[in-house]
Structures are given as C-alpha cells and as structure tokens.
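Colleague: Below, the features straight out of TrEMBL:
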TRANSMEM  17-35  transmembrane segment
TRANSMEM  65-82  transmembrane segment
TRANSMEM  88-110  transmembrane segment
TRANSMEM  122-145  transmembrane segment
TRANSMEM  157-181  transmembrane segment
Amino acid sequence: MGEDLDYKDDSVRIKKMVLAALFAALIAVGAYIKIPITPLGVPITLQTFFVLLAAVTLGRNWGTVSIIVYLIVGFIGFPVFAGGNSGLGILFGPTGGYLYSFIFVAFLAGWMSDLAKNKNPVTMFGIAAFGSILILAVGSVHLGLSTDIPMGVAFTGGFVPFFVGDMIKSIAIGLVAPALIKKVNFSAS
C-alpha cells in the first residue's frame with residue numbers, strides 16, 4: 001500500500017514538472033507573438049497571458065517554477081525573450097522590469113489562486129487583472145529608471161498602451177483557467 005502512495009506522489013510530481021516546463025515553453029512562444037506599439041521599444045506580447053495562466057493554473061509554487069525556468073533559459077542565451085533577445089543584460093534594459101516582475105507576480109497570483117475557494121471566471125479574471133497591473137507598474141518604473149526618462153513618460157509609454165490589451169488577456173484567462181484548473185486537478189503545493 002505504501003508503494004501505491006509513493007507511485008501516486010511521483011506521478012503527481014512528474015505531472016507538475018511537465019506542466020511547469022510546458023508553461024515555460026508557452027511563455028517563450030508568447031514572446032514571439034508581438035506587436036510593437038510604442039516608440040519606447042516595449043511590444044505587446046502573449047508572454048503575460050501565459051505567465052498569469054501558469055500562475056493561476058499551477059499555483060504559487062509550480063507557477064513560479066515555470067517562470068524561473070523560462071527566465072533561466074533566456075539568461076543562459078536561448079532567444080526566448082521578446083524580439084528573440086536573451087542574456088542577463090536584458091534585465092538592465094528598458095524591458096527588464098517586466099521580466100523580473102513575472103517571478104513576483106506569478107507567486108502572488110498563484111498564491112491568490114491557491115487560496116481562492118471558488119475558481120470561477122470572475123475570480124480568475126480578478127487575479128489575472130491584478131497580476132497584469134503589477135507587471136505593468138513594475139515594468140513602467142523600471143523603464144523610467146533604466147532610460148532616465150521622466151516617470152510620467154515611462155508610465156504613458158510603458159503602462160497605458162498595454163492596459164486594455166492586458167485586460168482582454170485577463171478576461172481570456174478568466175474564461176480558460178477554471179476549466180484548465182479542473183483538467184490539471186492537483187493542489188499547488
């Protein structure tokens with residue numbers, strides 16, 4: 001009987017690792033789906049969609065693991081960031097704040113999802129919208145600090161143009177996540 005429990009624990013652990021790796025890959029693919037809309041060089045991508053979907057689906061621990069895997073792959077030189085960029089130097093460039101915010105936001109949004117008793121579309125939308133706003137806020141502040149442009153300009157170029165699109169992505173997450181969470185069906189511990 002103890003062996004059955006070990007087998008089940010191992011299969012759940014493997015499932016979590018596979019899903020974390022899958023979401024890391026989806027985030028990388030999402031980085032290539034981009035629309036450059038601001039003169040400040042910050043494109044609209046599907047990265048944030050997959051970052052937040054990973055967080056609410058996998059929870060704080062495995063959602064965060066998927067983000068860390070994605071970032072490590074990019075930092076060691078694989079071209080997985082927006083525009084096919086890679087390397088540690090990207091953290092210090094204009095879009096670095098968006099990238100490092102992914103870790104904190106995945107943890108917070110995943111934690112909120114873990115705690116949510118009712119994982120319905122409205123709840124998942126709210127968590128995704130909160131996460132999107134945090135990503136945009138941190139990214140905009142970093143954009144201003146890394147380029148020495150006034151914070152108002154950084155906010156206007158790094159937050160405002162993306163807000164509506166990110167809310168649309170949050171609605172999509174609200175619609176997709178509840179079914180995906182049921183399909184995945186494991187606790188996020």
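Here the Cβ of each residue, glycine as well, is placed from N, Cα and C on the backbone.
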Colleague: Other than its close neighbours in sequence, what residues sit by the transmembrane segment (88-110), given a CB gap under 8 Å and a spacing of at least six beyond its ends?
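Modeller: Answer is 40-42, 47-48, 51-52, 54-56, 58-64, 66-68, 70-71, 74-75, 81-82, 127-128, 130-131, 134-136, 138-143, 145-147, 188.
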Colleague: Near the transmembrane segment (65-82), which residues from the same chain, at least 6 beyond its ends, have a CB less than 8 A from one of its CBs?
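Modeller: Same-chain residues near the transmembrane segment (65-82) but 6 or more away: 19-24, 27-28, 31-32, 34, 43, 45, 47, 51, 54-55, 58, 88, 90, 95, 99-100, 102-103, 106.
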Colleague: Near the transmembrane segment (17-35), which same-chain residues lie under 8 Å Cβ to Cβ, leaving out any that are not at least 6 residues past its ends?
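Modeller: Contacts with the transmembrane segment (17-35): 43-51, 53-54, 57-58, 62-63, 65-67, 69-70, 73-74, 78, 80-84, 184.
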